[in-house]
Amino acid sequence: MEDLFQELSTLVESEQYEAANHICDRIKSRGLQDADVQRMKIFCLIQRKMWNQALFQIRDLESSGIELPYEKSYCLYRMNNFEKALECLEQLGNPLRELKKSENRAICHLKAQILYRLGRFTECNSIYSELKQTLSDNSQEESEMLEVNHLAVLSSLDNYVNNIDDFETPEFITDSFEYWFNRCCLYISNKDYDNALTALEMSESIYNSSIESDNVTNASSEANPSDLCSFMVMRAFILQQFGDVQSAKDIYKECLEKFGLDGIQIEPSMIHLGVSVFNNMNSISENQNHLSFIDGLKRLSIASKEHIEYKMTMKQNFIISLNKALMSFDKCESGHYIKEATKYSNGDPKLELFKISMYLLQGKTKKALSHIDFLHKKFPEDLSISISLITILLKLKNINIALNITDSIIVRFSKSFFDLEINPNSLELFLHLLVLVTFEKYSNSAPELIRRKLIMMLSGINGTATSKYCEMKLDDHTKANIICIFGNFLIKWGLYKEATECFSFVMNTFDDTNNNNAITGYVTALTLSKSQVPNSLIRRLTNKLPSHIFSMDAEILDGSDFFSENITKHDPSTKEHSNRSEAVKKRKKRKPRYPKGFNPDEPGPPPDPDRWLPKEERASFKKLNKNSKRGKRCEKEGGHQGAIAAESSSSVKSAPSTAKKAVLTGSNVRRSNRRKKR
């Protein structure tokens, strides 16, 4: 037994796990039921990626009172059973309390991975932030892994607003191509495609240099096809966002041919890339065929030997399901794909907006309107959703419901300005829609109503924010920018005194006396309201102006003629000449309107070419009446509209004579005339 235990430890240290597993079985066959030996066997099975066998051994230990929640959770995670894996980890308590212990840090890493696969990116972000704060100086490998994984989480967060240029790149991670690749993803999520392309090129150059350095030391080192394909797919997607659709298509086709992404022989590590290529190519193709897209995904699912959904994140699965439903909106399968999308939505309101658009595409306007009301009641705090709903209602010319939604938002603004999920862009859009809706409903009294509503919104600036969104994502600088946007809008509508309140609130409450927008708006509002402007603010603004402005003489500027070159513009002769030189604009062709349910790609059989001829001359009628007497007579006489050449003058009927005749006065003639009149 001592020799077996010594051999077991030697095999485990040399990473010969298959042989070590056999030694564990030999020890167990000799009657020694040791828990440590069984744990060692579970460890060997996990290293060999035999998750089912390891889970069976763990449950065998549980029957004897020994629990291994961490190992069980890891096996369930690798078997794509994420919810049960998270339940097992929660049995260990909160590992964030004592992060200095290596065991707790390992639990946190596993929990973060499970939350990432479940799409709960906010919780995952908080775990990685805690791990980075309690990181020791000696653990360089863990710090590199944390930086890479944390960037992946940040790129998946919705509405992540941060100045990415301020990110400090640690020195120990400058040679990591994974870090720069994830940084490229973060730039893409913020729609900064120029920096995304730069980060991608940086990642690719680091990867190529590492392969070249490995080839110097080891001749057998080769580039991983999965990594090369990832670079190509990412480059194609960035070009697609730039508008270079043809180059993106060429790269996608090259990926399909070079790496066999559309075949059954594809490697399992490249399944997610094949799905991405299929999805992106279908989104830019002119002739979208939902059958080819869905068949391609089924082919990849067969190649992966498991469901594709386990190879993708929750967000990717959600987008793919929506694309399937959109392409088959006029088919019966669309409802199935929408149900599939609900599994990956995590309560995302985008799914409800997608349902509204599907109802409108299918012509179900009443159902879409009822769903709009339901969605507004479900997410009253999300300003971006309300903006989308108002935009849809304006297109549907349903002004009453749009006005009700805007009024409900204004009421929330009046209670607290930051009670909604708000950002500077969404506030500008809402104010613009407020003007449109009010003018559509009340054309004559719209300006006065808009001013009243703006004053009502102003009363909520001093209110305290109750929204969790504002507490988590809005700092004082962002809040100041939001109020400055509102103040500038007040100036546009002539509410100068109210605008001064906004800008003074920014400078006093947020201690942001150096905010240029607030100072400029405050001075503008005071000037337009004919109030006295403090000299300190004027000096502060003049100090920010360029020095060459003060060297200009105002009298010389007033006397100079800047518009002498454009005097000939109103000359009638030049106007006629310009009109002649202008090219005649081509009239745009109207988009063809098809009947409901008509598919121009599959129009069906062509119409009958004889449909405009008389019935007797149609080919179908001649076949039916081939042997009838009437049909033969029509052929001889030439039909109703035909004429045949006469052989002699005797065969031609003489026309009635126009000579005057004596009127017949017989009784028979009178009777015939009466009959005709009757």
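Placed from the backbone N, Cα and C atoms, the Cβ positions cover glycine too.
For 567-584, 608-620, the entry in TrEMBL reads compositional bias 'Basic and acidic residues'. Sequence annotations record features per position, and here TrEMBL assigns compositional bias 'Basic residues' to 585-594, 621-633. For 643-670, the entry in TrEMBL reads compositional bias 'Low complexity'. According to TrEMBL, the feature domain 'Signal recognition particle SRP72 subunit RNA-binding' maps to 573-623. The feature region 'Disordered' is assigned by TrEMBL to 567-678.
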Sequence-distant residues near the compositional bias 'Basic residues' (585-594) by C-beta distance (under 8 Å, 6 or more away from its ends) are 600
For the domain 'Signal recognition particle SRP72 subunit RNA-binding' (573-623), the averaged pLDDT of the predicted model is 73
The compositional bias 'Basic residues' (585-594) resolves under DSSP into 0 helix, 0 strand, 10 coil
